[in-house]
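Per TrEMBL, the features are:
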ACT_SITE  H39  active site, proton donor
ACT_SITE  H121  active site, proton acceptor
DOMAIN    10-88  domain 'Phosphoesterase HXTX'
DOMAIN    94-172  domain 'Phosphoesterase HXTX'
MOTIF     39-42  motif 'HXTX 1'
MOTIF     121-124  motif 'HXTX 2'
Amino acid sequence: MARLFTAVRIPEHLVPVIAELEAQLPSNGLKLVRPEIAHITLRFIGEVAEEKVPPIVDALRSVRMHRFDALLRGMGAFPSPRRARVVWMGCEGEFASLFKKVEDALCSTGMNRERKQYHPHLTLARVKRLTREDGTRLEEVISRHKSTQFGGFEVGEFVLFESTLRKEGPTYQEIEAFTLEE
């Protein structure tokens with residue numbers, strides 16, 4: 001079995017920006033995403049049998065879309081800063097259009113449609129358990145960066161990754177990158 005997802009990689013020049021923002025977060029009660037593996041998930045596919053991977057790759061090769069400019073802006077939490085489970089950095093650009101094209105391609109292989117509405121974001125941390133003090137600090141950091149522009153980049157490809165969960169954190173292996181049109 002392979003645990004798969006599609007995502008847009010974050011360019012190297014933005015990795016220090018992510019690290020700097022994560023350094024402002026409370027040091028206890030959060031599981032931070034390592035900045036060097038940060039990404040914008042398009043579609044989490046989940047566990048699939050190995051023989052299903054080639055048809056998924058073939059379907060994703062059919063996605064046609066032009067490159068687009070993206071901007072990392074703002075910060076927030078799901079479901080809300082006060083009851084945070086996931087802390088995120090906002091993403092602007094044509095991610096919803098790319099998600100729809102990826103979703104259509106995956107559904108052509110017999111996969112079910114994603115039930116949740118797509119909200120493009122870069123996960124910074126998952127909340128484990130926060131003290132009241134750390135929760136207040138988290139809310140302050142989110143409020144301070146509610147509309148901060150962190151940087152832009154061109155989205156020229158998306159990637160199919162295999163995720164392996166380990167005690168020290170996940171590792172991602174690229175299966176294939178799919179280039180967007182000029």
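Cβ from N, Cα, C; glycine included.
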- prompt: For the active-site residues H39, H121, which one has the sparsest Cβ surroundings, going by other Cβ atoms within 10 Å?
  reply: H39
Message: Measuring Cα to Cα, how far is H39 (active site, proton donor) from the residue listed as 'active site, proton acceptor' in Å?
response: 9
Statement: DSSP tally for the domain 'Phosphoesterase HXTX' (10-88), helix/strand/coil in that order, comes to 27 helix, 28 strand, 24 coil
